[in-house]
Amino acid sequence: MSVTVDPDVAAGLDHFRTLVAGQQPVWPDAERLDSVRETLSQVPPLVVPTQLETLTDRLAAAGRGEAFLLQGGDCAETFAEANADRIRNKVRTILQMAVVLTHGASMPVVKMGRMAGQYAKPRSSTEETRDGTTLPAYRGDMVNGHAFTEEARIPDPARLLEGYNISAATLNVVRALTTGGFADLRHVHEWNRGFMTNPAYSRYERTATEIDRAIRFMSACGADFEALRTVEFFVSHEALLLDYERAMTRISSRSGLPYDASGHFLWIGERTRHIDGAHVDFLSRVSNPVGVKLGPTTSADDALALQEKLNPDGVPGRLTFITRMGASRIREALPPLVEKVTAQGGPVTWVTDPMHGNTITSDSGYKTRRLEDVLDEVRGFFEVHRALGSIPGGLHVELTGDDVTEVLGGSEEIDDAGLALRYETLVDPRLNHQQSLEMAFQVAEMLQA
Ligand code: PEP
Ligand code: MN
């Protein structure tokens with residue numbers, strides 16, 4: 001089967017090269033980069049168009065208040081941690097949070113990992129200084145190494161290929177876990193094993209018992225539970241490295257339209273969302289559902305222009321605005337955006353990222369966040385949308401399934417001294433498994449209200 005590809009559409013995919021692209025590495029070896037791009041343009045896609053259509057429908061439902069998006073994962077995935085245990089712990093955390101939300105709010109939850117491609121980071125500073133030595137900043141495993149040596153910090157195009165391969169391997173495990181029986185809702189108790197000492201454990205255990213009872217009741221009534229066996233799970237990352245995203249873009253053999261085969265959902269970060277910039281232009285041309293992070297300095301006109309450029313046809317589910325204002329600012333900064341965007345009429349799915357506006361440095365020097373602030377921003381997000389009659393459509397969080405100590409607070413009361421125990425993130429602090437569950441219980445209550 002062959003479809004005709006509009007030559008303008010194909011040429012348009014490279015238009016971004018004429019525009020300003022923020023946060024791109026300076027690759028030292030242009031020839032090597034070209035050969036990697038060539039290879040990536042031939043590799044099998046990580047996602048296919050029908051999945052993107054399904055996800056667009058799911059996000060449209062979230063935008064109407066008929067579902068809720070749960071998007072979570074590391075700030076920066078690393079190649080070294082792409083192993084079975086870490087991936088399983090993360091997937092399990094997201095599934096447990098989704099169970100808590102679905103059960104608490106009787107709302108379908110769209111499950112999405114910040115996974116299988118979240119390997120490139122925008123940085124506020126291009127350099128990092130330690131003990132008087134200054135080196136280029138770490139930009140994510142897909143660009144350079146985290147080790148503080150001159151050699152490690154040189155961008156290496158081979159890392160793009162490695163990133164593709166590790167994304168593929170990660171996605172394979174995610175798929176095995178979500179369709180191979182592990183995610184069966186009848187195992188809802190088993191996901192909690194190994195967390196006995198966790199204060200959120202018993203609350204989750206009670207939820208699981210109620211779900212079990214409901215399943216047994218429905219089963220006794222003769223219901224068919226095929227739908228409980230598998231879970232629909234999507235992956236997402238920040239579309240930062242345009243050489244990678246462009247090389248991973250394919251033309252759908254069915255529609256003749258371009259789609260970025262690097263992940264289901266792609267977002268544009270706060271630092272690269274300039275309306276005339278390369279990132280917005282490139283993502284305006286692919287058919288994946290896309291998101292844009294909006295920080296506290298976003299004007300209502302910025303939001304309108306993004307909406308016009310990224311979703312000119314007003315397709316429900318195509319565009320998600322992920323607001324990350326900060327707990328102290330969301331109640332003032334969000335309403336003008338929501339009002340103007342709503343008045344314009346195009347559909348937008350509103351999601352809160354309560355992490356990135358609440359980053360602080362602790363007295364002992366750790367980059368951290370307070371769980372209280374994070375929860376307060378989510379509360380503010382619900383308050384604003386409820387007051388304006390718009391829809392709070394989802395939650396975007398940085399989390400890990402492991403017992404790290406990176407975020408302050410929670411019922412285990414991680415304090416400044418506690419951060420040192422297990423602070424492992426290479427970039428931003430993540431909620432640990434227990435803090436993630438606590439958050440899910442609180443958000444379920446907000447959703448119900
Ligand atoms: C991120 O999501 O890790 C990030 C850098 O976010 P933002 O673009 O909102 O600052
Ligand atoms: Mn981050």
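Positions of Cβ are set from backbone N, Cα and C atoms, glycine also.
Values in this document were obtained by computation on a predicted structure and should not be read as measured data.
The feature Mn(2+) binding site is assigned by TrEMBL to Cys75, His356, Glu398, Asp428. According to TrEMBL, the phosphoenolpyruvate binding site annotation covers Arg114, Glu270, Arg271, Lys293, Arg324.
A map of TrEMBL features onto the structure.
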residue: Cys75; record: Mn(2+) binding site; DSSP (3 states): coil
residue: Arg114; record: phosphoenolpyruvate binding site; DSSP (3 states): coil
residue: Glu270; record: phosphoenolpyruvate binding site; DSSP (3 states): helix
residue: Lys293; record: phosphoenolpyruvate binding site; DSSP (3 states): strand
residue: Arg324; record: phosphoenolpyruvate binding site; DSSP (3 states): coil
residue: His356; record: Mn(2+) binding site; DSSP (3 states): coil
residue: Glu398; record: Mn(2+) binding site; DSSP (3 states): strand
residue: Asp428; record: Mn(2+) binding site; DSSP (3 states): coil
In the chain carrying Arg324 (phosphoenolpyruvate binding site), residues 6 or more apart in sequence that have Cβ under 8 angstroms from it:
Glu270, Lys293, Leu294, Gly295, Thr352, Asp353, Pro354, Met355, His356, Gly357
Neighbour-count leader, CB within 10 A, binding-site residues: Arg271, Lys293:
Lys293
Take the C-alpha atoms of Arg114 (phosphoenolpyruvate binding site) and Asp428 (Mn(2+) binding site) and report the distance between them in angstrom, rounded.
13
When you average the Cβ positions of Cys75, His356, Glu398, Asp428 for the Mn(2+) site, which other residues in that chain have a Cβ within 8 Å of that mean position?
Met355, Thr359, Val427, Pro429, Arg430
Where the C-beta lies under 6 angstroms from ligand 1, the matching binding-site residues among Arg114, Lys293, His356, Glu398:
Lys293, His356
Out of Cys75, Arg114, Glu270, Arg271, Lys293, Asp428, which binding-site residues have CB atoms lying under 6 Å from ligand 2?
Cys75, Asp428
So which one is it: of the binding-site residues Arg114, His356, which has the fewest other Cβ atoms within 10 Å?
His356
For the binding-site residues listed here, Cys75, Glu270, Glu398, Asp428, which shows the highest count of neighbouring CB atoms within 10 A?
Glu398
Between Asp428 (Mn(2+) binding site) and Arg271 (phosphoenolpyruvate binding site), what is the CA-CA distance rounded to a whole number of Å?
16
To the nearest whole angstrom, state the Cα distance for the pair Glu398 (Mn(2+) binding site) and Arg271 (phosphoenolpyruvate binding site).
18
